[in-house]
Each structure stands twice: as C-alpha cells, then as structure tokens.
Amino acid sequence: MEDKINQALALLKQALAEHGDGLVYPCSMGIESSVMVDLICRNGLNIPIMTLDTGRLPQSTYDVLAAFETRYGIRIEVVFPDCHEVEAMVREHGVNLFRQSVELRKKCCEIRKVHPMMRALKGKSAWLTGRRREQSKGRAELQTVETDPVYDLKKYNPLLNWSMNEVLEYIKTYDVPYNILHDAHYHSIGCECCTRAITVGEDERAGRWWWENDDEAAECGLHVMSIKQVSGKIEDGEGI
Ligand code: SF4
C-alpha cells in the first residue's frame, strides 16, 4: 500500500513539475476521487480541482463535493454545460433522450460533459484522472501517462494499478470523505439517471448506461473523444 501511495504521489509531483499552472484535476466525485483529492490536498500540491455539474447528478455527489471543500479548505471549480445547448437538445429530443438510442445518449454526454470539459481544459497542457485498469475491459490497456494527439494534452493516471480494495483501504486509513452511493454498490458514479448499482461479478463500469450492454459504449466520451476526433468522427462526449 505504501508503495502504491508513493508511486501515485511521485506521478502527481512529476505532472506538476512538468506542467505547473497547465495542470488540472477534473474530479468525478466517485470513489477514486477521494484518494486523488486527499493525495493532492494532504501533500499541499498546488493543483486546481474542478468538476462538471451536468445538471443530472445525484445529491450524494454534491454532498461529497461540499465535504471535500470543508475538509481541505478549498473551493472546487464547478463547470456547467451551456444552457442554450441543453435547452435546444431537450426541446428537440425530450428530457430523457439518453434512453432512446446510443446516438442520443452520446449527444447528451457531448453537450452536458464534453463541451464543458473542452472549455475547462482550454489553455491547459495536462490533466489528471482517477481511472484504474481493473474498472473495465476498456480500461485494461491504459498507460500511466498518455498523450492526447488533438489537444496536445498529457493525461496522467496515478491510480492506474490500484485495486478497489486499495482504494477503500486508503479512504479508511485517512478517513477521507467519499460518495455514499458507493456503500450501495455503485462503483462508478455519474449522472443519477445513468448510474445503477452493480452485482457480484460485473465490471465496475457495468453500472453506467447498462441498457446499452456494450463495454465499449460504457464511456461517456471524456476519455475517448480525441481518438474519435482524430478519425474525424465526434461521436462521444468525454466523460469523467
Ligand atoms: S451520463 Fe446520462 S444524463 Fe449524464 S450526460 Fe451522459 S447521457 Fe446525459
């Protein structure tokens, strides 16, 4: 455990040394976020933390956001989607468009997540994620440091080799605030309407857009948009 903490911390310090003000942590408020926020704040790393408010988040996500701010004496920047884009989308397709088709689900993610994330990353040179390899088959091949070919952004994944048990052990050891939905078997937490608890044997990401029943589709696009854009097809919204 100590080794994993030291390795994660070393990567955070490396990212900060290489990018300074150009580095940001877009926080998902899921269980891994608790480790990331604590590592950053406990060690006095000057890395800004931001999050996306899609307008469809569960109350527990706002609660953990507020708990982080109180615990560490910080203010987390909350980025919202463009209200005109959301209004036009809902006017055309309805409030629950994400249930109608994969295409419309991705459109919703694009407007509520990808576009605000692109705005938040403007002027930045690197970002941090709390992604772990064991979360899904789609994340098994991730690298500790990746390069986004479109935005020329570096992406650092300090928790890539952590297991869920190690995440939980860290949170318990340091008494870190966490999203209480995790206690109800929500291992990957996004918008309230697109997240469910998982059962024994399922991928941790299986609770996201479960009705699509497609591992590749179980990303909101935040972490795949550059590949799609390189190929000229903006299909996804990148998601936290
Ligand atoms: S997770 Fe669901 S509600 Fe949230 S942006 Fe994506 S499709 Fe829309």
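Cβ coordinates are placed from backbone N, Cα and C, and glycine is handled just like the others.
Taken from TrEMBL, the feature active site, nucleophile covers Cys220.
The feature [4Fe-4S] cluster binding site is assigned by TrEMBL to Cys108, Cys109, Cys191, Cys194. All protein chains included, Cys108 ([4Fe-4S] cluster binding site) registers 28 other Cβ atoms within 10 Å of its own Cβ.
Taken from TrEMBL, the feature domain 'Phosphoadenosine phosphosulphate reductase' covers 23-197.
A 10 Å cutoff on Cβ-Cβ distances gives Cys109 ([4Fe-4S] cluster binding site) a total of 27 other Cβ atoms nearby, all chains included. Model confidence over the domain 'Phosphoadenosine phosphosulphate reductase' (23-197) stands at 93, taken as the mean pLDDT rounded to a whole number.
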